[in-house]
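Participant: Residues or ranges marked as domain 'Protein kinase' in Swiss-Prot (evidence: sequence analysis): 121-504. The ATP binding site annotation in Swiss-Prot covers L127, A128, S129, A130, S131, I132, S133, Q134, V135, K149. Look at Swiss-Prot and you will find D284 tagged as active site, proton acceptor, backed by sequence analysis. Per Swiss-Prot, transmembrane segment is recorded for 501-521, 526-546.
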Amino acid sequence: MKALFRACRIGKVMLRYRLDTLLDGTAAERWLRLAKPFVPRISAEIVEQSRGRRLRLALQELGPIFVKFGQILSTRRDLVPQDIGDELVMLQDRVEPFEGQTARIIIETALGKSVESAFAHFDTVPLASASISQVHAATLHDGREVVVKVLRPDIEHQISDDIALLKSLATLVEHTHPNADKIRPCEIVAEIETTLAAELDLQREGANASVLRRFWEASDDIYVPEVIWSHTAEQVLTLERMYGIPSDDIALLDASGIDRKALSSKGIRVFYTQVFRDNFFHADAHSGNIWVDSDPARKSNPRFIALDFGIMGQLSQKDQYYLAENFMAIFHKDYRRIAELHVEAGWIPPHVRIEELEAAARSVCEPYFTRPLSQISLAEVLMKLFHVARRYQLTLQPQLILLQKTLLNIEGVGRQLDPELDIWVVARPVLERILRARYSPRHALKELNKRLPEIMTHAPDTPRLIHTWLVQQVESRKQNDVYLQQIRALAMTLQGLQRRVVNAIVGSGLLVAAAVLYGLHPDGLYLGAIPVWSLISGCVGALALFSAWWRS
């Protein structure tokens, strides 16, 4: 019943914001039309709004889960039209906060102690409020300033209910919408469910921050705040407090004298290093989560501050290698290699013709190379390649989609900081250096040394395993020979059966012909009272039937 009321409310909000037009041609559209008389008249102000703005306002009204839905949609530019994607970006961190007293109760329950014993000071007025959690300022008893991230109350049940409802709606749209194969609603909902599950465990987010901090502890390019583990639990995360400037606040960056050119190049270098050196990248890197250190001493050598570690990405070694090779092939305009890599990586079925895939890659990439270098986007090229490859049954791991949208965000931040940023010039040497180091003899020896204990542990079992494998191969070959003989016998049986069926059909036909000729009394030779041709036909037919019967 609760789900029904929730569905009715969603339908009502959709009608009020005229979002039923997005479902034209579906079964849902007909149901929404029936409900129109029960919804207040649409105001002229709403009617005049763009569809993207109407969708954004509706998602805000429906609550935090639908805000998160919009946030994820805003990053899937391969699925969402540009006008809608641009509007949904504005959903980032614009959610009403919950009561500070409620936050205190959640903290005390999670940490098992009072707020007063955990903190010297705790501000009940939140610094920021997002769709899943909100952040409060606090001070530890040792004087350190921290921020405390607290999950929204009862958010798990609300997410579970809304996800179940979204799955039902997605299934309905997938079966009824004429463009469902392009929209892929079930895929979007599955991604939302995975993303939300990761963001609901703040202890996991703390672990992500801790790993990222370890990788970049000695860097001048990016700073990751320290996790205060003694004040962290599944529903509460306490981090060192940072002061900085949002990376999209260009006016304040200029007023602070920050070298934006140097900063934009650092952002690209950090991203490629995270992906190809560390294989652990920040996958929610929009401007709200990427700040710039406001320390006056860092004007000429600025650094980023990373925030919000709920979504991190990792690639398999195979995907990491093929992605790096793809980038290098794009740099060198080697379309044949791009096509081969898509097949070798298993992203495209092997039966697809390489020449056809090469032509598709050329049609995607060449228009980009006619632009000035400062206007070329690797994220767009990669997105278009993946989009075109869908025609050839492209299969991608979700982490690759995550990387593509993160690259889009990073390039957006970089271009905001420096509109003339040449991403290719910055990214190429970083990628080449990382690949040289990664596939160098020194790195191979390091990996061998790391695996040496494992190799030594399994070494005594190696002769036995080899012997077992050889025995299996011999037995398998014998078994294959038996199967082959059985198949040959079956083939001969089928051939014999086919001949008998043919003989039976021919014999029956000739006997029928003999009977017809006998009844017609044709002119010609007779043997007694029987026409010769009838006699011949009958004899041959009888022989054919006897042959079919005898072989059975």
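Quick reminder: no glycine exception, Cβ is built from N, Cα and C everywhere.
Help me see these features in their spatial surroundings.
Facilitator: Residue environment of L127 (ATP binding site) contains 14 other Cβ atoms, counted within 10 Å of its Cβ in all protein chains.
Counting every protein chain shown, the number of other Cβ atoms lying within 10 Å of the Cβ of D284 (active site, proton acceptor) is 26.
The list of residues near the transmembrane segment (501-521) in space but at least 6 beyond its ends in sequence, with Cβ under 8 angstroms from a Cβ of it, reads 530-531, 533-535, 537-538, 540-548, 551.
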Participant: State the Cα to Cα distance, in Å, between V135 (ATP binding site) and D284 (active site, proton acceptor), rounded to an integer.
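Facilitator: V135 (ATP binding site) to D284 (active site, proton acceptor), Cα-Cα distance: 17 Å.
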Participant: Roughly how many Å lie between the Cα atoms of S131 (ATP binding site) and D284 (active site, proton acceptor), rounded to a whole value?
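Facilitator: Here the two Cα atoms are 14 Å apart.
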Participant: Give me the count of other Cβ atoms within 10 A of the Cβ belonging to V135 (ATP binding site).
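Facilitator: A count of 22.
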Participant: Between L127 (ATP binding site) and D284 (active site, proton acceptor), how many Å separate their Cα atoms?
Facilitator: 20
Participant: Measure the Cβ-based neighbour count of S131 (ATP binding site), defined as the other Cβ atoms within 10 Å of its Cβ.
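Facilitator: The answer is 26.
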Participant: Which bits of the chain, at least 6 residues beyond where the transmembrane segment (526-546) starts or stops, bring a Cβ under 8 A of a Cβ in it?
Facilitator: 503-504, 506-511, 513-515, 517-518
Participant: Could you tell me the C-alpha distance between S129 (ATP binding site) and D284 (active site, proton acceptor) in angstrom, no decimals?
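Facilitator: Cα-Cα, rounded: 16 Å.
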Participant: Could you check the binding-site residues S129, S133 and say which one's CB has the fewest neighbouring CB atoms inside 10 Å?
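Facilitator: S129, out of the binding-site residues S129, S133, has the fewest neighbouring Cβ atoms within 10 Å.
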